[in-house]
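Let me begin by presenting the structure, written as structure tokens, before commenting on it.
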């Protein structure tokens, strides 16, 4: 079945995937159904309303378990010849972090925060270059913030991936959005990657500084005060968020949603912002509040982590799509790239 849409008086849920309904249950007045495919199971509540911002009732909270190898593409026909050993559940998954490229307000030296500003031409080029660097790394799911510059970065990066799968933003704003965004082709679904947007991954909200010129603000309030607002851990700008406040929402979302997918064998890419990614890296690398304020993720440069046996291992940044050393970090990443090479050489 190309897509499943279940209609009931209490609501409608649509999930674009190749699944069949195995049973329907109702607990505590909430209806839900379980989707089962060869590779994994999904138990999803049917909601009256919901958005991606909800931590408890959203597609982001899909509880999936996979029985196939983490880093192999389960729908690639060229990979169907894997041995039974390689299809066993893996304890390894890849996590890619990408900070968006230059935005139009970055170019103008303005405080951006949660204002929804697009990329510049340079930002577009940075996103494409980031895609080249990760073109041989498996990606099963993509998470971005609710802001266009992060979403543009994710989409543009995926245009360079060798699997050429199409990133599709899942729309769960209301019943009409779910119904209108259904996909009715099983073959098309197999060539798509779900993109989940979440406001919790947004940039730190800069309050009354948003839209102000950074240099003029420093002259007005003093360089030390502005530096304190920008680089301290727990001091927010006027009516804005501190890094600590940003970290509370970003890390909570990561642990409640994204980390669960990694633990179940999904390879994940996150395209987000300097402060939300800084917060996640603080969690992954177990940094202190003093260490994290000195951390500055580069724009458009992907960072690679491997989750193996419950531990996140930082692998740095892929140098280029042909850099063999990047894919030698784990046997499975090397095997994935080898199979890509075989698929496109044939």
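Each Cβ is built from the backbone N, Cα and C atoms, and glycine gets one as well.
As recorded in TrEMBL, the features of this protein are as follows:
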ACT_SITE  100  active site, tele-phosphohistidine intermediate
ACT_SITE  203  active site, proton donor/acceptor
BINDING   99-106, 112-113, 149, 203-206, 214, 230-231, 274-275  substrate binding site
SITE      273  site 'Transition state stabilizer'
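Within 10 Å of residue 113 (substrate binding site), as judged by C-alpha distances, the recorded positions found are 203, 273; the full candidate list was 100, 203, 273. There are 20 other CB atoms within 10 A of the CB of residue 105 (substrate binding site), with all protein chains counted. You'll find the Cα of residue 274 (substrate binding site) roughly 7 Å from the Cα of residue 203 (active site, proton donor/acceptor). Taking the C-alpha positions, the distance from residue 105 (substrate binding site) to residue 273 (site 'Transition state stabilizer') comes to 14 Å.
For the binding-site residues given as 113, 274, the lowest number of other CB atoms within 10 Å of the residue's CB is seen at 274. Counted within 10 Å of its Cβ, the other Cβ atoms near residue 214 (substrate binding site) come to 15, all protein chains included.
Annotation: 203 carries the greatest number of neighbouring Cβ atoms among the recorded positions 102, 203 [cut-off 10 Å, Cβ to Cβ]. Listed in sequence order, the recorded positions from 102, 214, 273 having a Cα within 10 Å of the Cα of residue 203 (active site, proton donor/acceptor) are 273. Within 10 Å of the C-beta of residue 99 (substrate binding site) we count 27 further C-beta atoms, all protein chains included. Note: the Cα of residue 214 (substrate binding site) and the Cα of residue 100 (active site, tele-phosphohistidine intermediate) are spaced 19 Å from each other. For the pair residue 273 (site 'Transition state stabilizer') and residue 204 (substrate binding site), the Cα-Cα distance reads 8 Å. Long-range neighbours of residue 204 (substrate binding site) (same chain, six or more residues apart, CB within less than 8 Å of its CB): 113, 114, 240, 241, 242, 243, 245, 246, 273, 275, 276.
Per-site Cβ counts within 10 Å over the recorded positions 100, 273 peak at 100.
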